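These notes are about the structure you will find just below.
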Amino acid sequence: MLKDQNLDIERKQDHIEINLTKNVESTLKSGFESIHFIHNALPEINYDSVNTTTTFLGKSLQAPILISSMTGGTTRARDINYRLAQVAQKAGIAMGLGSMRVLLTEPDTIKTFAVRHIAPDIPLLANIGAVQLNYGVTPKECQYLVDAIKADALILHLNVLQELTQPEGNRNWEKLLPKIREVVNYLSIPVIVKEVGYGLSKKVAESLIDAGVKVLDIAGSGGTSWSQVEAYRATNSLQNRIASSFINWGIPTLDSLKMVREVSKDIPIITSGGFKSGIDGAKAIRIGANIFGLAGQFLKAADTSESLLSEEIQLIIEQLKITMLCTGSRTLKDLAKAEIRL
């Protein structure tokens, strides 16, 4: 067990370092580069009246932005999460924590995840890999993770390709959907199911909604490729070649968003995967997302300083607001109907 615990910590350290220092971008595009807003030269709106507020998980957000799940479990991760939480609280945006599996075996790592005292008002999301339900993690333990950080929802992330390109990855993905349903029924808060960068298909979305999942985070291709991250972690040539061969795998974010929104007009959708700006986020809102998420650029900023992270988030918000004004959109509901060309 101790060896497994140490491996969890080592893997988390590797993931931070690789994401900060290596090119791990998918060779696929998100698809949003094909969408263009029709510029409104006479919007008849005061910039100060542009309203980016929304609600998520029963809480108010100043902008429809999620700091997507990244890290936890290490000293460096603690510092990153504290900065993320501080800035998220000030900006009024949501935040996800990295995978919390290590907390089930090493209770002392709670200090790297527990940020509610820093961010008392924002939606905060606990997180664990869904496949862990096939390896002994119980609904009761999922509730423990939620309670430990006073979370508003639990993310069950689907990372099948990442696991299969990890030498120590989990291989058994059989009969997982019934276990997800059990967690949904057991927990006192909503369950979010999230891909990690390869997209959710229409069929998978239908299955998850039928199981009672309340929010979907489609996390399509176009951003970080976790198989490429694992390629850098490979300890031999074969592992590296296997992982590297999936650099262009997945459903582009735009395609995944369209598929999932076709399944349900009502389910809240978080869209992430390849977003670099508030303009990209605005496009996602226009196509059917409720919230858009970013990770990579926030990670790099948070590893440096709170001030740099704050500037990065303010940049995204200002880009979103300017896009709204230049499309004649006073509110996010207006933006969802803005004129576009494909």
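Note: Cβ is positioned from N, Cα and C throughout, glycine not excepted.
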- request: Check Swiss-Prot: it lists S68, S69, M70, T71, S99, K194, T224, G274, F275, K276, A295, G296 as binding FMN. Then name which of N46, N127, N170, N248 it lists for that same site.
  value: N127
Message: With Cβ-Cβ distance below 8 Å and at least 6 positions apart along the chain, what are the contacts of K276 (FMN binding site)? List them in sequence order.
response: L294, Q297
- request: Show which residues of the chain containing S68 (FMN binding site), separated from it by at least 6 in sequence, have their CB under 8 Å from its CB.
  value: G96, D217, A219, S272, G293, L294, A295, F298
- prompt: In Å, rounded, how far does the Cα of G296 (FMN binding site) sit from the Cα of M100 (substrate binding site)?
  reply: 19
Message: Among G274, G296, the binding-site residues in question, whose Cβ has the most other Cβ atoms within 10 Å in this structure?
response: G274
Query: Any idea what the Cα distance is from Q162 (substrate binding site) over to K194 (FMN binding site), rounded to a whole Å?
result: 13
